[in-house]
Amino acid sequence: MVKVVICGAAGGIGQPLSLLLKQSDLISHLALFDVVNAPGVATDLSHINTGSRVTGHGKEGMNEAMKGAHTVVIPAGVPRKPGMTRDDLFKINAGIIRDLAEGVAKNCPGAFVLVISNPVNSTVPIVCEVLKQHGVFNPKKVFGISTLDVVRSSRFVSEIDSSMDPRATRVTVIGGHSGVTIVPVLSQIPGQKFTKEQLDTLTHRIQYGGDEVVKAKDGAGSATLSMAFAGARFTNAILEATVAGKTGLVESTYVNLSADPESTAAFRAKTGLDYFAQDVEFGREGVAHIRPLPHLSDYEQALLDAALPELKVNIAKGTAFITDNSKI
Ligand SMILES: NC(=O)c1ccc[n+]([C@@H]2O[C@H](COP(=O)([O-])OP(=O)(O)OC[C@H]3O[C@@H](n4cnc5c(N)ncnc54)[C@H](O)[C@@H]3O)[C@@H](O)[C@H]2O)c1
């Protein structure tokens, strides 16, 4: 029995993400939780002829939805409107994430928790702190899904250099998941010869790709379809590793660095950061290994230097939301 819960399943991301995950043969029960319209979305999806059972859980149904879950994916909350930064979302989404993390601690403390809700730089620390307060924190099992930055990178480089296959070109994206904290390591793409101008264009597009969508949707929300694609890719990788036992799967993802204390000790000592996005190898328990930082060009080192102060503030804000303000 592999039960996967989507929290915020009736939303712009939640619906297409649920549709994509309904196609997974590794999931036996897809539980859709949302404060609105979850039963409708669940009934619709339940007619698709794949193996998983689908259930819908409304406002009062969080505990039932989460009971015994293997994996909890969280795209619940509000998306950005034009002019809002991811950090502006903090006040609304922080409370939602805290309550959902509490639900995880009570109903499925051993579950893998995959956080999509922004600002990821802060919402992941919130989840970790709640789980710590309940004594059930395992850093190998909590992930911020920054895969959309990776997906965008692969696509955008192929638009500049058509010899690069967007499906096959893997780009490591380190740092965090908002604006300047997103650091694409384009120098590691085999055979790349980007000019300084191309690097500037690509880096800006990857860091602010979300703004492109917010602006184009003109008040109707942020990235949903591309995010659902990225979220399904990441969730499937976690399931392949943890359920099917597949080895060698690697994704850039935002994690608590104590998930691999040995590999990250020097970096933590140097930067003082407890959370960071980096290439992570998955295993049966979730994080198997956090890879050391790739070699950075001078250009990328400057991007990382610019990212660290903001990342530090974002992490402190998420952590303090639980440790200072809202004792459970
Ligand atoms: N990680 C990323 O790369 C990335 C990309 C795009 C968007 N996002 C974030 O994902 C989140 C969702 O975006 P969206 O466009 O799907 O928004 P949306 O408003 O369309 O959907 C959010 C859903 O969450 C539900 N919800 C709200 N509070 C809830 C609660 N307490 N419990 C369960 N469900 C709840 C809402 O009813 C709604 O259906 C936002 O925070 C957005 O910023 C992240």
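Note that Cβ sites are derived from N, Cα and C of the backbone, with glycine treated the same way.
Record check, TrEMBL: NAD(+) site residues include Gly8, Ala9, Ala10, Gly11, Gly12, Ile13, Gly14, Asp34, Ile116, Ser117, Asn118, Met227, and the candidate from Asn49, Asn93, Asn138, Asn236 also listed there is Asn93. Looking only at Cα atoms, Gly14 (NAD(+) binding site) sits nearest to Asn118 among the recorded positions Asn118, Arg152, His177. In this structure, the recorded positions Arg80, Arg152, His177 were compared by how many other Cβ atoms lie within 10 Å of their Cβ, and the smallest count belongs to Arg80. When the Cα of His177 (active site, proton acceptor) is compared against those of the binding-site residues Gly8, Asn93, Ser117, the shortest separation belongs to Ser117. Across the residues annotated as binding NAD(+) (Gly8, Ala9, Ala10, Gly11, Gly12, Ile13, Gly14, Asp34, Asn93, Ile116, Ser117, Asn118, Met227), the two Cα atoms farthest apart lie 18 Å from each other. DSSP classifies His177 (active site, proton acceptor) as coil under the three-state reduction. Sequence-distant neighbours of Ala10 (NAD(+) binding site) (same chain, six or more apart, CB under 8 Å from its CB) are Leu32, Asp34, Val36, Asn37, Ala38, Gly40, Val41, listed in sequence order. Sorting the domain 'Lactate/malate dehydrogenase N-terminal' (2-144) by DSSP state (H, G, I as helix; E, B as strand; all else coil) yields 60 helix, 26 strand, 57 coil.
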